[in-house]
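The following features are taken from TrEMBL:
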REPEAT    170-204  repeat 'PPR'
REPEAT    300-334  repeat 'PPR'
REPEAT    335-369  repeat 'PPR'
REPEAT    448-478  repeat 'PPR'
REPEAT    484-519  repeat 'PPR'
């Protein structure tokens, strides 16, 4: 009679053979080998069906048919594995059929049933009305599923079930309750369960839960309360608090946690020290970050990446390069994150050559830079960020460099990645190459909401409002995607640039009624700009008066610009007065008002505004623009050296003006 050890060896041999067949995609041979040994437990069945779920879901149906023929379909472990398979591949209805075909519903089956169709209230009622042994494993697992799936009502039912049945509230159940409530945003109820426990182990899921739900402030408050109450958070709890500190950029609290780490002797924990390092980097304190880094006894790749990323985004590439060389010398292999942080840093700094060279290094290393795509969004801010000569050089090179990065991605099949594809759509749109952006967008197999938003914003920014709205309708009808606030901002931007007043109103009114999106100041600003540009200044003023939020500089700036266009000096003065308070250092607002006074020949008011600028030490900077034609950038300055072909330019302008007048 074979002993247990021989049986284990046999099972392992069979499973190894099955794995080999699966790797060769010979699924039928794998199934035949599996049925050579019919004494499989739940884990074997689940693993086997999991392989077919990922490789050939149709063959899973054949496996089920074979089980029925051999009479093994009534085994509880097999049933549970089949429910898991059907729930993942064919939906909850198919899994429910397997469940209801069984007369004896054990705890194992209910575990799978509730996880497959957790939101079906009737299933829970059936579960609670049965005499199934509601053990700790079942309840804990279901509570965790309620947390992950956002099923707060079902979680409350289970909590009530625990209280009604007087089930012992051990640490595992309470931690699962805290996790469920905090993941569903009910921090107060999570806190109530937490207060009942008074155990230090409970601190971690509570802290982690409220951090996940964007309650980072409450996470830090919870840490302070625990410290005042004499509790000593463990290493994992400290790591979670440091993540919250990084999220809020609350450096003083982070320094306090650092002191706690040193006092309690947990500064030898690699995860704690890496979190400390990351906290300092994200708070911009690279000196403290480097001190933590240098003091670490052991450094993993995450620590190296955090430090290199910090230097890269600060523009200190010399230190970043030295650190990367040191990393190689100490035998730590750079990973994709290491390279991507440098690519991102170079691209943000406008150092395109270095960014492309780094991408080539990634390729040579055998890694795939799927997220390390250059960010060309800086192009729109060039006049504010770099000198005019540098702007000319970069603009003449920007489109070519972007295309070069695109070619690299196509050759190495990076462009198939959703994030990379979206980045190129955004890059081409911001460079003004809408046709190319659309050619990248259209064939993409997977279009995320970010992809649609980038393309819609591209059309909107260049005055193609109707095309943007048409694209939006396609997104809703074909892909059934729900818009987010960014989508609505892009659409309203298209409406204001194209003068689509009726469409703008319809979209704005639909935000809350159809999509449940609360308008922000960006949406209100777009509506004000839309009305004001079209000359509906009174309507724009009424709209501002009824806004539930305080108007900002974008709102008043839209009013002031339109008042100049439509000659409404009185409303323009009101807008300018507000802008002088909100943006006292912005000379453009003063110049705009002076131009309006000049047009009305109110010279005393012109002098008054000019004197105000002098008292505030405001200077009118050199206003200039540029355009690229045939790979050559031409720049024009309002005050300074004239363009070398200004005679030809003015002749063409005169010719165009004459043709317009004759129409």
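Each position is counted from 1, following the chain as shown.
Note that Cβ sites are derived from N, Cα and C of the backbone, with glycine treated the same way.
Just so you know, TrEMBL annotations never went through curation; they're auto-generated.
Here the repeat 'PPR' (170-204) has a mean pLDDT of 63 out of 100. Across the range of the repeat 'PPR' (300-334), the DSSP-based residue counts are 26 helix, 0 strand, 9 coil.
Beyond its flanks by at least six residues, the repeat 'PPR' (484-519) meets 449, 452-453, 456-457, 459-469, 472, 526-527, 529-531, 533-534, 536 of its own chain at Cβ-Cβ distances under 8 Å.
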